[in-house]
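Data block below; observations after.
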Amino acid sequence: QMMKFAWDNYKQYALGKNELRPLTRNGHIGNMFGGLRGATVIDALDTLYIMELEEEFQEAKQWVERSFDLNVNGEASLFEVNIRYIGGLLATYYLTGEEVFKSKALELGEKLLPAFNTPTGIPRGVINLGSGMSWSWGWASAGSSILAEFGTLHLEFLHLSELSGNPVFAEKASEPSLAAVGNIRRVLSRVEKPQGLYPNFLSPVTGSWVQHHVSIGGLGDSFYEYLIKSWLMSDKKDSEAKKMYDDALEAIEKHLVKKSAGGLTYIAEWRGGILDHKMGHLACFSGGMIALGAQHSTGDRRQRHMELAAEITSTCHESYTRSDTKLGPEAFRFDAGSEATATRLSERYYILRPEVVESYMYLWRLTHQPKYRHWGWEVVQALEKHCRVEAGFSGIRDVYTTTPSHDNMQQSFFLAETLKYLYLLFCEDDVLSLEDWVFNTEAHPLPINHTDLRA
């Protein structure tokens, strides 16, 4: 019902724009997607399909067939276009077998390739989809590329390669068997890791770190997730990815995992050797990731990782419980007596993010402890109470007040991720079984081992 409400309002007021602005009942285009339109359509396709909202799925498909234009000029985030558009199109193709989704994914994939033309093969973050010119984000220090961005291409590019029969995609994203010069994995395995950690900024020119900021939240997050998922998607053949994941997680456990005075386990950020005791909402995906990885460990390591996953997920649940709206802030701190709460005004907002319910879904599926469904239901009720407005769902500016001020934005990832993970949390385990599917970082399911699967 929530998905149908979010979709119907988007369709009515913003179809073809990237997101719905539910308070003003119009559409938002934004500058992340380089002139591409319909981000919410592409992000919602597989969710509509899985939820068997057939009429709505047909509306979305029709828009893709008739109106989705790839001949655009404008600067796009390589990362966002890959995870939302390529991921959404690929997943929908694998779920439905309909060629239109495959051909659009391949055509768009081609447009991203020029970003990789750098001295190291590490792509730049921004690309003009018309001219193929690429550059680094203005705010990223000294023209560097971002770990979470260039480290989050692997799953999608492997599938593009497979579907197109064109190995260039896999070479770009690092298939070991096709290792082309300067591919991402090779640069990363060669470069010196401070204490085994991967900093967030790397120069695409020199292939060395630009500064030593390490985070499992934004800027770093999905790099780690794609290591374990690359291994799972390869049907456990990509042993290089598994080893990189295991080593990285070990360094994280050793240097970043901390316990607060009140007994909450969290993952701190690391700035040149100094810990910053804050955890971002984005880092809350890590409970699910660590639990997923733990399934494939043995003995005490498996148990240790399952406990760590449960503890981090519980800390993220606390960040929700300790707010007046029962929704969690963008970032929360563990210092000066405050625990799992945002201490800065600028970190008190909630923009319909999925990471906490994502971890609930994984932990439910892997442990079947009822608390994860209870916690998920708390989120459903909080969303309905505080984020639902007359014409859609909106983020809120302060989770610590029960008369929230809305931000007038229904993010496309709310339909792609938040509602999908909540739905899967309450489904049978065989709906998009974790044995057969790996979710990209926008919750788009990609099949494991390329056997021809239907949901």
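Counting begins at 1 with the first residue displayed.
Including glycine, each Cβ sits where the backbone N, Cα and C put it.
Lifted from TrEMBL, the feature list:
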| type | residues | note |
| --- | --- | --- |
| ACT_SITE | Glu80 | active site, proton donor |
| ACT_SITE | Asp221 | active site |
| ACT_SITE | Glu330 | active site, proton donor |
| ACT_SITE | Glu355 | active site |
| BINDING | Thr441 | Ca(2+) binding site |
| DISULFID | Cys284-Cys316 | disulfide bond |
Between Glu80 (active site, proton donor) and Cys284 (disulfide bond), the C-alpha gap once rounded to whole angstrom: 19
Rounded Cα-Cα span from Glu330 (active site, proton donor) to Asp221 (active site), Å: 14
Between Glu355 (active site) and Cys284 (disulfide bond), the C-alpha gap once rounded to whole angstrom: 5
Cβ neighbours of Thr441 (Ca(2+) binding site) where a neighbour is any other Cβ within 10 Å: 25
Protein Cβ atoms within 10 Å of Glu355 (active site), excluding its own: 24
Other C-beta atoms that fall within 10 angstroms of the C-beta of Glu330 (active site, proton donor): 21
Residue pair Cys284 (disulfide bond), Glu330 (active site, proton donor) - Cα distance, angstrom, rounded: 10
Rounded Cα-Cα span from Cys316 (disulfide bond) to Glu330 (active site, proton donor), Å: 11
Rounded to the nearest Å - Cα separation of the residue listed as 'Ca(2+) binding site' and Cys316 (disulfide bond): 18
Surrounding CB atoms that lie within 10 Å of the CB of Cys316 (disulfide bond), all protein chains: 29
Candidate with sparsest Cβ neighbourhood (10 Å radius) among Glu80, Asp221, the listed active-site residues: Glu80
